[in-house]
Amino acid sequence: MKNIILEIEEKIYSDEDITFNEAITLFQSSYDKNLNNLLDAANRIRNKFNGNIVDLCSIMNAKSGRCSEDCKFCAQSEHYNTNIKKYNMINMSDALNLAKENKEHGINRFSLVTSGKALTSNDFEKALEIYKEINKRVNINLCASLGILSYNQLLQLKNVGVTMYHHNLETSREYYNKICTTHSYDERIETINNAKKAGLMVCSGGIIGMGETITDRIKLAFELKSLQIQSIPINILNPVKGTPLEYTKRLEQNDILKTIAIFRFINPKASIRLAGGRNLIDNFGKGCFRAGANATISGNYLTTSGNKINDDIEMIKSLGLSLDI
């Protein structure tokens with residue numbers, strides 16, 4: 001098995017793509033000693049194409065709850081009784097202060113994230129004003145995650161300083177309807193393509209541990225590759241009480257590590273970003289940075305707590321890695 005891993009690794013260094021069947025073979029055969037061989041190879045691929053730099057980003061839940069969509073994993077959906085805090089669009093000062101604070105702590109990217117399929121025109125204008133002010137007053141890269149937007153809206157975001165748009169595919173096309181029925185996979189892809197057309201970089205990934213198969217995960221990784229996604233966040237399902245996935249069995253550690261490694265093999269030049277659910281991984285995902293990951297969301301998530309920024313920075317430095325500042 002080690003020879004197969006090395007052969008595929010060499011293919012990637014020669015700018016050849018791993019095939020779907022090769023990815024399946026790597027995942028299914030990587031146990032015990034072979035697991036370490038797989039993780040080591042993914043780490044070398046990460047180093048070859050991305051160096052030892054780790055990108056830290058942070059997010060702000062800028063509008064919480066009351067979402068019309070039925071995503072089975074989500075605490076913010078109106079379809080489920082999850083007892084989360086609900087509020088309308090945050091104000092300028094709160095967003096500006098958090099962006100400043102995160103920059104001072106060493107964060108490279110900052111994003112507003114809003115609930116709902118799309119923002120109202122009024123809320124979208126508020127978001128534009130907030131981004132315009134942050135861009136003027138804080139030296140930090142700006143990202144946005146505001147749902148399904150048109151090309152013109154995405155162009156407006158770019159014009160006020162946003163450089164990257166986040167919009168997850170969540171899972172494979174085949175499994176998607178088991179997770180969401182209120183909007184389509186193609187609507188998500190259209191938003192991604194509109195963002196690229198507007199000149200924005202794109203951050204798009206998914207959630208693992210929702211009952212999908214290994215094949216679904218690998219199909220997602222190849223879909224992201226076909227879309228030339230620059231930043232791929234991998235979330236681990238943190239089952240929320242009141243949602244349909246409340247009683248879903250949590251993934252084993254090795255399953256998470258293998259998934260990250262395979263995503264690195266399939267997308268060697270992308271940023272593989274640890275996202276929600278890091279608290280379910282040993283040491284807040286420390287081992288993932290030896291399995292191909294080279295980016296992470298630091299601080300709190302949307303409705304759950306994350307790792308402290310200073311703790312993340314210490315962890316990254318302890319691994320001999322550097323921060324992208």
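Cβ coordinates come from backbone N, Cα and C, glycine included.
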Which of Cys74, Cys143, Cys180 belongs with Ser111, Cys203, Arg273 in the [2Fe-2S] cluster site listed by Swiss-Prot:
Cys143
Across the domain 'Radical SAM core' (49-278), average pLDDT on the 0 to 100 scale:
94
Cα of Cys74 ([4Fe-4S] cluster binding site) to Cα of Arg273 ([2Fe-2S] cluster binding site): how many Å, rounded?
20
List the same-chain residues at least 6 positions away in sequence whose Cβ sits under 8 Å from the Cβ of Arg273 ([2Fe-2S] cluster binding site), in sequence order, or say none.
Asp55, Cys57, Cys203, Gly205, Ser231, Ile232, Pro233, Ile234, Ala293, Asn294, Ala295, Thr296, Ile297
So, three-state DSSP: helix, strand or coil for Cys143 ([2Fe-2S] cluster binding site)?
strand
